[in-house]
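Asks: The structure that follows is given in the form of structure tokens.
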Amino acid sequence: MVKFSKQFEGQLVPEWKEAFVDYWQLKKDLKKIPLLNIENNATNKNKNKESSCTNNLISSIRKLPLFGPQRREHGVIQVHTKLAQTLSKGDLYETELLEQFADTEAAAEFFALLDLQLNKVNKFFRTKEKEFVERGESLKKQMEILIELKAALKQHHDIGTSSGQNSKEDESISGTISCDEESTKDRTEQEQDIENSIDEVNKNDGQLTDSPRSSEQEKSTSIKREDSKSKSLSERVINIQGKSLKIHIPLTNPTRTFSAISYLLRDDMINQSSKKCGTDGRKLHINRTKLKHAEKMIRGAFIELYKGLGYLQTYRNLNMLAFVKILKKFDKVTNKQVLPIYLRVVESSYFNSSDKALKLADDVEEIFIKHFAEDDKKKAMKYLKPAQKKESHAVTFFIGEFQKKESHAVTFFTGLFTGCFLALFVGYVIMAHITGLYRSQSDTIYMETVYPVLMFSLMFLHFFLYGCNIFMWRKTRVNYSFIFELAQTKELKYRDVFLICTASMSAVVGVLVLHLTLVAKGYSYNQTQAIPGLLLLAFIMLLVCPFNIIYKSSRYHFICVIRNIILSPLYKVVMLDFFMADQLCSQVPMLRNLEYVACYYITGSYKTQDYGYCMRTKYYRDLAYAVSFLPYYWRAMQCARRWFDEGHKSHLVNLGKYVSAMLAAGAKVAYEKEKNMGWLCLVIVMSSAATVYQLYWDFVKDWGLLQCHSKNPWLRNELMLRRKIYYYFSMGLNLVLRLAWLQTVLHYNFGSVDYRVTGLFLAALEVIRRGQWNFYRLENEHLNNAGKFRAVKTVPLPFHEVDEQD
């Protein structure tokens, strides 16, 4: 049977852990009571015999009604209620121990801590309930505005149809834009005020970029069009049916970005000579597309609100159960009847008696069913309470459909492919050693054409480390699904990741063994050169396969993330996007080898075995420079976009880190080409500066370590791992692996091993460094969320009412 402490820890909301009852500390305090009772009983054994007559006399006198109220006769404790200094804290509870506990100091400490926990739970519940209720009221207003605009659009459509006009899909209603500059407030100042009011939710570098804009907080009536044009691309002010509304549509994709930019350009051309406009001067159209996007935003906000209310209900139930369990333990240890007395206080306290959250949850269900699910409750619950996916993402090609969660089939096939990979790898190493392929005087054709396939395996090593990260994140209760905004019904579990890695590596090594066997048997390279290319083509076809097999949703999600990275200045950057871009920065050697392989097969060089053709071609050399820069360029553009969206200067400082990495990479590529002392000195200077820059950002910004005033020396106050040595070791390992660029200068080789094998080994070390970087990066992100008790995503709302000023 699972202990309650394990069950309690497994079911609590990770980001709210500090706000839950400290059940473990209460158990520690409870363990002190029996020891003291034994000591007291041994000391007072003789005294009790001598004073038995006196005690009987005193107890008889106390039974008389003149010597005190009867309620103290049967009670062992009394809980007092005190009014707090502020209404937000509510009532405070304090327990008084009666005569039976008068000589037990440990019991007094226990109840003092218990009162503290009860007051903490009530305060947090009241705060979160108020936050969700305010969010619910705001969403109801948003829903009313959306219904009104949809009704106006439908009325406009009916009028156009009755008058004989051709109905179009993009029919729209029009309103006037107000542009009074004197009453305008700069958008940057607005965002600063809002951020201060929500305790600077987006202050840290690694946090999600959505920030709320409630109608009560926005008091401006117009848009300032000179100093803040770039910051107001997605906002419009429209007056329709007597209401002035500010419409905020986030620039989340290239279409909206280009649309907003073209709107401003067109607006500048029309109003170049005028700084103010009248109420009838310009028209703004709200079409069905904009309303659909606004409806989607409101629907997402309702889903997140319902999720938060569910967490609040979990918070109530688990804390109530924790109080019951610890009081039962107390009664068992002390042989007193404390549970009925204190439990009545807990049951009547605010967190257990308030029903505002329950009523709001019912209202959200009703609204969602009516407006987003076509009065179908079952359909609505699929969005509000998504169940765990029952059909598997696993490989239906081998075993068909089976339940992914805790699947024995996934574990079986993972073990099977692991054994196949190890056997094939050992066989390949023995064959390569016998044939002498990886020595310095090796077969040049083989090394130039087949060896890059081994570099392709770095991607699966990276993926394997990601599976290890998932395992550790789950073990340490890091909510990676929330941080990456992954759907719980579709996300990959660590077993699935391991299955993909072992199956893929078995295929790669199996093809290499097949190819080497054919070469050893005397087959010509003309007959075998197509085999590595066919392997890479098979992986590409599998990645874009449209059929619902082999983790289709995860494959398509991966493709979408890569698309967002490539077009990063045009897409809004979220955590998963820049996290994946950081992974690509560690895969530059693999990308360069894949570039060579693509050139080798696309140009048909494999038919003539002219492996030097791509190296001699100018466009390939230029492309080699580009591939070395692209991951850093994409990451720098993401930093620029985040600065544009959020306005934090820390993103510009982070951008400088990737610029320094690009300069260092450019110096290395130039040195590999020229091989002179001038480029060598430049490589040393640029790489050293970039390394120091990157180490500072890794330790201080990304990992949150090296805090001077931390209770853990040179670490941070909160640590997810129990042993501090892991953090110190990881910092040292990160420092050593960051210096791998010295190989470019020293050209050190392991004995007679080919230099390409040395490069593969160093590239693998960089992937390992990134794998351990990933764990601490998300650990720091999770602690930032937990420090602000942020367990649900804040979805921006589209409509904001503004006050009109004449």
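Cβ atoms here come from the backbone N, Cα and C positions, even for glycine.
Pulled the feature table from TrEMBL, pasting it below:
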type	residues	note
REGION	157-235	region 'Disordered'
COMPBIAS	213-234	compositional bias 'Basic and acidic residues'
TRANSMEM	409-430	transmembrane segment
TRANSMEM	450-473	transmembrane segment
TRANSMEM	494-518	transmembrane segment
TRANSMEM	530-551	transmembrane segment
DOMAIN	615-806	domain 'EXS'
TRANSMEM	677-696	transmembrane segment
TRANSMEM	725-746	transmembrane segment
Asks: So, taking each listed stretch (409-430, 494-518, 530-551, 677-696, 725-746) in turn and counting its Cβ pairs to the transmembrane segment (450-473) that are under 8 angstroms, which one gives the highest count?
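Replies: Comparing 409-430, 494-518, 530-551, 677-696, 725-746: 494-518 has the most Cβ pairs near the transmembrane segment (450-473).
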Asks: With a Cβ cut-off under 8 Å, give me the same-chain residues at least six positions beyond the ends of the transmembrane segment (494-518) that come close to it.
Replies: 393-395, 404, 407, 410-411, 413-414, 417-418, 420-421, 424-425, 427-428, 431-432, 435, 437, 450, 453-454, 456-457, 460-461, 463-464, 466-468, 470-471, 474, 527-528, 531-532, 535, 539, 551
Asks: Which sequence positions outside the transmembrane segment (677-696), separated from its termini by at least 6 residues, show Cβ-Cβ distances below 8 Å to it?
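Replies: Residues 656-657, 660-661, 663-664, 667-668, 670-671, 734-735, 738-739, 741, 744-745.
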Asks: Hey, which bits of the same chain come close to the transmembrane segment (530-551), Cβ under 8 Å, at least six residues off its ends?
Replies: 393-397, 449-450, 452-453, 456, 492, 496, 500, 504, 507-508, 511, 514-515, 518, 558-559, 594, 597, 600-601, 606
Asks: Could you tell me the mean pLDDT the prediction assigns to the domain 'EXS' (615-806)?
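Replies: Across the residues of the domain 'EXS' (615-806) the model's pLDDT averages 87 on the 0 to 100 scale.
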